[in-house]
Amino acid sequence: MTMIFGVPLAVLSGQLLIGIINGAFYALLSLGLAVIFGLLKIINFAHGAMYMLGALVTVVLFDLLGVNYWVALFVAPVLVGAFGMLIEYFLLRRIAGQDHIYSLLLTFGVALIIQGVLTNIYGVSGLRYSMPDLFKGGINLGFMFLPYYRAWVIVVALLVCFGTWFIIEKTKLGSYLRAGTEDSQLMQGFGINVPLLVSLTYGFGVMLAAFAGVLAAPIYSVTPVMGSNILIVVFAVVVIGGMGSIGGAIITGILMGVIEGLTKTFYPPASSAVIFLVMVLVLMIRPTGLFGKEA
Amino acid sequence: MNQPVNPADIHKAIVEQQKIQDRKKLMVNGVLLLLLLAAPFVMYPVFLMKILCFALFAVAFNLLFGFTGLLSFGHAAFLATGGYTTGYLLSNFSGLTTEMGIIAGTATATLLGLAFALLSIRRQGIYFAMVTLALAQLVFFFFVQSEFTGGEDGMHGIPRGELFGLINLEDNLNMYYFVLVVFIACYLLVQRIVSSPYGQILKAIKQNEPRAVSLGYNVDRYKILAFVISAALAGLAGSMKSVVFQLASLNDAHWHMSGEVILMTLVGGMGTLLGPVVGATFVVNIEYQLSQGPLRDWVDPILGGIFVLTVLAFRSGIVGELQKFMRKNLG
């Protein structure tokens with residue numbers, strides 16, 4: 001069997017694959033955070049809860065109404081995104097213009113509520129969701145076995161990330177969004193409905209999180225607390241990538257997933273901490289993050 | 001036209017006013033002290049000590065958040081580091097007296113605080129919060145992986161031992177008065193810091209950092225010192241907590257704990273001296289009362305609700321709102 005640094009190739013590539021998949025989730029989540037932060041200057045502490053809601057809604061829709069995966073892939077993010085817009089409209093809007101710290105604290109409270117209430121309803125043991133039949137099985141690549149679903153996750157996550165980057169950086173809508181955050185009064189003066197734009201942006205960021213949640217439902221255990229720990233990792237990813245950058249969030253996300261996967265192969269005890277260690281290193285060398293522009 | 005006023009008269013009036021206020025303050029503090037001294041005869045001392053430990057934790061946090069304007073989302077790391085260090089030393093070296101274990105725990109947390117500060121101080125606002133959160137998570141993983149912490153089970157049976165080798169701390173009353181003395185000393189220390197010229201600089205940094213810089217202050221140094229003091233006091237709170245409960249667990253290191261101390265400070269009134277104490281008392285009581293009743297599974301969402309409500313409506317917290325009310329209605 002082929003060995004690389006004393007590790008069988010199949011094991012290494014397997015861990016690498018898991019790393020890339022985790023990285024795809026980190027990328028989707030940190031992208032959502034970056035969109036919300038970059039455009040609204042809100043740190044969305046409820047992002048993990050929204051990711052969890054995406055997965056939970058998928059499972060519950062299936063159990064109650066038999067809604068299948070493909071419909072859920074569309075419906076769950078829309079539902080959760082609408083929920084996010086309600087939060088923006090009724091809560092976040094009231095503290096707009098205040099110190100950003102308050103939006104962090106507010107969304108932290110919101111996350112506690114959502115998570116706590118759902119834990120009481122569904123417990124923490126994890127709900128089961130079976131994969132759509134289409135994705136059962138996989139292909140043998142010779143050096144490793146690639147399950148279809150994992151391949152699908154990687155492809156679709158990358159597509160969504162790229163699409164988001166394209167919309168924000170390259171389209172007219174994106175330039176409105178960026179301009180609206182630069183000088184909202186001037187934009188208002190041009191006849192653009194900035195509050196609506198803000199709601200939509202928040203809703204969109206939340207949708208990205210919920211979309212990641214739907215993708216996660218068939219492969220991770222769906223519990224009300226599934227979002228709370230991944231969120232902190234994603235925060236670290238965002239710090240490493242540099243907060244301002246949308247492209248940076250995507251690249252760093254995948255990179256960190258891979259690094260985590262490699263650590264799991266070569267030195268398992270450090271695997272859950274390695275991203276934070278990388279963060280410390282990056283902070284020492286480049287305090288603004290790898291892709292960050294200003295302090 | 002206004003009557004010309006003699007500046008000396010104004011000065012006299014101010015001094016007079018100050019004297020009255022000082023006397024009022026002294027009386028209030030005296031009454032509080034008496035209450036604290038008498039409390040263990042009315043209430044369960046361990047519960048009171050829990051409140052005092054968390055109050056100290058919140059006071060430490062408030063020095064940084066309320067007075068310097070830096071939101072650390074990683075203070076649980078210091079609480080846990082203090083607790084684990086003290087617990088480990090007291091459990092494994094029977095020659096150590098309790099206060100030595102506590103001092104060592106505090107010192108370790110102080111060093112950790114310095115490391116955190118050096119890494120995070122160049123970031124501001126929410127970046128700072130995220131960096132401290134991630135650093136604290138690193139510490140959390142370290143404690144999860146380490147053998148000496150007992151992992152998920154926690155560290156049990158930490159001996160309370162004897163203070164200075166003389167006073168038996170197994171006795172709850174002795175323990176309580178020890179915790180009370182430490183708490184009051186720290187409270188006075190923070191009060192002193194805040195009203196000192198150094199404290200004024202911290203406030204200046206909070207209000208307008210660029211201005212403080214342009215006045216020639218090396219703000220990073222001031223901020224680092226504030227962070228280290230805050231971490232030291234948080235570590236001390238953790239050390240004492242582990243002695244009081246004879247237990248140190250991962251709960252203390254979890255980021256929920258960092259969130260909780262923010263809640264205590266915010267609810268009580270950040271940037272006020274008494275606020276964190278009131279907030280800690282409030283939160284610990286609410287948690288206890290809820291855990292006894294039919295809502296025992298709803299502690300987290302209720303705390304979350306309090307969080308949201310406080311941020312939306314009572315941002316100055318209980319003490320802050322009371323001060324506003326008094327200023328408005330009582331002159």
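Glycine residues also receive a Cβ, built from the backbone N, Cα and C atoms like all the rest.
These come from TrEMBL:
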TRANSMEM  B:26-47  transmembrane segment
TRANSMEM  B:54-80  transmembrane segment
TRANSMEM  B:100-119  transmembrane segment
TRANSMEM  B:126-144  transmembrane segment
TRANSMEM  B:175-194  transmembrane segment
TRANSMEM  B:224-249  transmembrane segment
TRANSMEM  B:261-286  transmembrane segment
TRANSMEM  B:298-318  transmembrane segment
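Within the same chain, residues 70-77, 80-81, 84, 112, 116, 119-120, 151-152, 250, 253-255, 258 sit at least 6 positions outside the transmembrane segment (B:126-144) and bring their C-beta atoms closer than 8 Å to a C-beta of that stretch. Sequence-distant contacts of the transmembrane segment (B:224-249) (same chain, at least 6 residues past either end, Cβ-Cβ under 8 Å): 46, 49-50, 53-54, 56-57, 59-61, 63-64, 67-68, 70, 72, 75, 78-87, 90, 98, 101-102, 105-110, 112-114, 116-118, 120-121, 149, 154-161, 169, 175, 179, 182, 186, 189-190, 193, 198, 202, 261. Highest Cβ contact count with the transmembrane segment (B:54-80) among the listed stretches B:26-47, B:100-119, B:175-194, B:298-318 falls to B:175-194 (criterion: pairs under 8 Å).
Within its own chain, the transmembrane segment (B:298-318) has Cβ neighbours under 8 Å at 260, 263, 265-270, 272, 275, 278-279, 282-283, 286-287, 290-291, 324, counting only residues six or more beyond its boundaries. Within the chain, the transmembrane segment (B:26-47) has long-range Cβ neighbours (under 8 A, six or more residues past its boundaries) at 172-173, 175-176, 180, 184, 244-245, 288. When Cβ-Cβ distances below 8 Å are used as the criterion, the transmembrane segment (B:261-286) is approached by residues 50-51, 54-55, 57-59, 61-62, 65-67, 71, 73, 75-76, 79, 187, 190-191, 194, 234, 302-303, 306-307, 310-311, 314-323 of the same chain, each at least six residues removed from its ends. Only residues 6 or more beyond the boundaries of the transmembrane segment (B:175-194), in the same chain, are considered here, and those with a CB under 8 A from a CB of the stretch are 33, 36-37, 40, 45, 48-49, 52-53, 55-56, 59-60, 62-63, 67, 160, 163, 167, 169, 202, 229, 233, 236, 240, 243-244, 273, 277.
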